[in-house]
Amino acid sequence: MTALPQIDADRLWSRLMDFARIGGTPEGGVRRLAFDPAEIAAHRHLADLALARGFALTLDPAGNLFIRREGTEPGAAPVVSGSHLDSQPSGGRFDGTFGVLAALEAMETAQDAALLTRRPLELVVWANEEGSRFRPGCLGSAVHAGETPLAEALAVVGDDGGIYGEGVAALAAALPEAAPAALGRSFAALLEAHIEQGPLLEAGGQVIGVVDRVQGHRRLDICVIGREDHSGGAPLSLRRDAFVDAIEVCRGLAELCRDETDVLRFTFGRFVVSPNAVSVVPGRVDMVLDLRHPSQEELIRLGDLVHAKAQGLARLCEVRVADSSWHAPVAFTPAIRETFARAADRRGYPRREIYSGGGHDARWFPGRCPTGMVFIPCEKGVSHHPAENVDPAHAAAGAQVIADAMLELAEL
Ligand SMILES: [Zn+2]
């Protein structure tokens, strides 16, 4: 095989800093919600960089942007890598953007070295990954992969009253050079680089995380039903206070699900007391328990335990438990994991196998094409926060692994 070229670490870093200014916040983070003016401006800036290199743009009906460097074999399926440009409302500079710019850097490196690949190289920017404006997240990629019908996505109404389909139209209007792309395209491989969004790589001194899977999640709606009463009139002995019992339920479930290995993620992210009035004994509490774990068996066991035990933890109130969402853990393709591991070893980057705590666009694709992810460390594991930070050398290492893997898979 031809020697693989070195990426341009300075170019990559200065691009990361340029994109951080698009929708940049005074706190040092970014705010780019799906299809808002800042997110569209980031797409436009990326398109300008791509066009300057002679790459071609296409946009699918779900708002996913593809940037293509042709291969030598007409009709060969492309090797695709990318991530997203949208952010949380108070997001960081590297979540998503790093994966996008790593793929661009890989393609520019191939261009600089005038390398010919049999397969085309493509960068993808998935639409609405964060789900912070339009729910659910990973929506553009879900539509592309056939997991969500296009019409359903286009009709989604955002928190601000905006409509997803109008967002796609606004993006298309800002990218007149982009020809239409079909949904459900076939890829020779799909790769995604991302910051870890957790502390393991930094703690272990590794530079590259080869992601073996995205952990699964099981969400349970738990409703505690008591009885509303006058807070001055009703004696404690006669009350059925839903709030007091809900606390017992939360405490008891936290105890039941205690995990000495510290792998389980157990969160009551939503807790709503009704009627939430100062002089009324709470009659009802609705809460959502979010369980995440890399093992499907463990998620099933713990969720079933919640169903079985929740009622017994309440003293006087009725407790109803219902499953509200389920994503099985997703395993990435062994051959792609090996490609990443080889690339890291050749370059001398310390690596480890790691699982992904958060969901990512790549999760829809292992059943459709060889798929994999690489992580780089983020400072103190902080993400979805303006303080999100990475070491420039780690960013360069991640982009180098993506470049090497893309070129290897696209066949020089
Ligand atoms: Zn992300």
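Cβ atoms here come from the backbone N, Cα and C positions, even for glycine.
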Which one, H384, H394, is listed by TrEMBL in the same Zn(2+) 2 site as D95, E130?
H384
Zn(2+) 1 site partner of H84, D95 (as recorded in TrEMBL), chosen from H194, H217, H230:
H194
Other than D95, E130, H384, which residues of the chain come within 8 Å of the Zn(2+) 2 site, judged by Cβ distance to the Cβ centroid of those residues?
S87, Q88, G91, G92, G96, E129, S132, Q197, S383
Rank the binding-site residues H84, H194, H384 by how many other Cβ atoms lie within 10 Å of each Cβ and give me the one with the fewest.
H384
Going through the binding-site residues D95, E130, H384 in sequence order, which have a CB under 6 Å from an atom of ligand 1?
D95
In sequence order, what residues of the same chain, 6+ apart, have a Cβ less than 8 Å from the Cβ of E130 (Zn(2+) 2 binding site)?
L33, A34, H84, D86, S87, Q88, G91, G96, G137
